[in-house]
Amino acid sequence: MLTRRKLAVSTAAFALAAGFTGAAYAQQKTVVEFWHGLPQPLGGQLEQVVKGFNDSQDKVQVNPTFKGSYPETMQAAIAAFRAGNAPHVVQMFEVGTATMLSAGPAIKPVHQLMSETGSGLDAAAYIPAVRGYYSSKDGKMMALPFNSSTTITFYNKDAFQKAGLDPNKPPATWPEVADAARKLKAAGVTCPMTFSWPTWTQFEQVGALHDKPFASEANGFGGLNATLKINDPFFVKHLQTLIDLQKEGALRYGGRDNAADSLFPSGECAMIQASSGLRGRIVKEAKFAWGAAPLPYWPDAIASPKNSIIGGAAFWVMTSPKRTADEYKAVAAFFSYLARPEVDAKWHMDTGYVPVTLQGFELAKKEGFYDKNPGAEVPAEQLTRTATTENTMGLRLGNLPEIRNIIQEEMERAFQGQQTAQQALDNAVKRGDTVLRNFERANKN
Amino acid sequence: MQRRVIFDNRALPYLLLAPQVAVTLIFFIWPAAQALWQSVHLQDAFGLRSQFVGLENFQAVLSDPNYLETVKTTIVFSASVTLLSLASALGLAVLADAKIRAAAAYKTLLIWPYALAPAVAAVLWMFIFNPDIGILGRALNNLGYAWDYRLNDGQALTMVILAASWKQVSYNFIFFLAGLQAIPRSVLEAASIDGAGAVRRFWTITFPLLSPTTFFLLVVNIVYAFFETFGTIHALTHGGPGKATETLIFRVYQDGVVNHDLGGSSAQSVILMVIVIALTAIQFRFVERKVHYS
């Protein structure tokens, strides 16, 4: 009896004390919950950026939490929103953009947040290919771009040398790539080339580079009624080329998503088309001379290729019934910090993601980063080399992760010879359109 | 003398039952009811808009040729996993039950894999079979055999069946071993004296007397193959290449968690629930008749 009373007293005392500290704490700082989906080492680097913000002022405390991969983070944020506990800020991969935009009252568009809190955000400061991906139809920024990447080619200079290819002249067109891959194979390289993120690198990027639509309605920017366009003869020919090269043993399908990434730094594959974010890993792991080059193009389809599109993620502001104006102000302060060119440039130079602001790019140039790291400028240059068209702004398709998977599945069947390139892409369009129609139905007011 | 527990307080028995009832309600009944509700609705990912669509989700699922493919894959997968893991566990249990040196060490080693999480087990298999980084995968390719489960339906399915069965052998082994040890030695000895050989003793005495264990394991293994192999498939093949290793439970996850199609995913859960209830009922109705309970 005595012990029970003692316990009750101490519990009450503890609760009281916790309540006081909590209150005192809240008076000092506004807490912002921030969920992200970057595993180590990138997650740690991101948390360093957050720490930089926390240390730069004494009014706001941002708490970063790792929530698993991008799809897992998305799932967690959605579940939290449904339970009325959404985090203030969530990092969302680029293919989740349409889903977030359709979330309506669940999110607060960044342009609205910034103007309501009087913080201001200069949309023109951002690289157009980055800005476009996260803007509404009328050009308003809906999310804050942060870690963006794009696809580039990495190639093994030692292997090129061995095959009698010029290590300082990477292939610029697809016919040249095919030629180089065959020569590499003849020289005994077991895996001349591969690619990761199959749908992103072989369809989304290839479409943008050649100014060909991936989907109708300006790649979905024009409305929810978009349909896929990838069974066009251009894409069929492209897939057929990949299948032919694979049959000859000049190309290896490395698996879904980023499964192929490890094939390049290990020295297994001599060329890879992958995210520019792979750079950090190659620097650390590769025991051979390597180079970076822009993506190849089809000269019979376009005289000079357009800008590529981005990958990576952006930061979204989520709403909750409990949100206060002070909390939104705190989020705006955090975002203003992230938009600073020096923060952007440092993140870019530390990680291999592209700079998202034009000034950040300039700053990295000025600091001599590209002289010290040849090839590191390739992604940003490829992203900015032309003005964006409606085919190079990015994709705005509902449930794009599902569509990416469908295309991977159909490609895998074609690579096994179970169906032709035309059948594969016809099937992908048919199945993908079903997904788009379901999304349209579920998101019609 | 009558054995009855008497409570002097009428509320107490209900209070004592309450935790279990709460667990059942919160973790079983409530989610099942939600699945039923969602299976007849169309909803956006955030749950902001939902409309009643009747049986449309079921119709969409059942008329999808890919879903029917997945049903077929699941049947092949589950039957193979169940047979393979039961047969090898029985074989191993019979061997370990014999009077051999270091029997305890063998038993420990055989039970060990059960302690591994499915994802960890799958990563182990990847390090063996991956064509680029796996020991055996590389060796096969070096020997001239084109091993690449990323682009070969048959190889991928074989691999996930092996991995999923291996994981379950330990569990089955424990039960078979216990079942074997419960068989009276005198019966076996009597058979020996009558001149029955080891094989004959096994099929006419051991196997029938093991049938309650075997039947129990059959039910458990089918449920395992249906529901608990998700981690193995997710870590090894993600259901690919194409849809070659996609089972029903994997598709429920894929559609619900990755694709945010809660209606379709819930409809599949309901279908899956019906299938498993039917399977279990059939087993109890027909297979159990052949089981000898002593």
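The backbone N, Cα and C atoms fix where each Cβ goes, and this holds for glycine too.
Marked as domain 'ABC transmembrane type-1' by TrEMBL: B:71-283.
Non-local neighbours of the transmembrane segment (B:12-33) in the same chain are 273; each lies 6+ residues outside the stretch with a CB under 8 Å from one of its CB atoms. As annotated by TrEMBL, transmembrane segment applies to B:12-33 (among others).
Sequence-distant contacts of the transmembrane segment (B:75-96), counting only residues of its own chain at least 6 positions beyond either end whose CB sits under 8 Å from a CB of the stretch, comprise 103, 106-107, 110, 157, 160-162, 164-166, 168-173, 176-177, 179-180, 202, 206, 210, 214, 217-218, 221-222, 224-226, 229, 245, 247. Positions annotated as transmembrane segment by TrEMBL: B:75-96 (among others).
Residues or ranges marked as transmembrane segment in TrEMBL: B:108-128 (among others).
What TrEMBL lists as transmembrane segment is B:209-227 (among others).
Taken from TrEMBL, the feature transmembrane segment covers B:267-287 (among others). The list of residues near the transmembrane segment (B:267-287) in space but at least 6 beyond its ends in sequence, with Cβ under 8 angstroms from a Cβ of it, reads 32, 35-36, 39, 57-58, 60-62, 67, 215, 218-219, 222-223, 226-227, 248-249, 251-252, 255-256.
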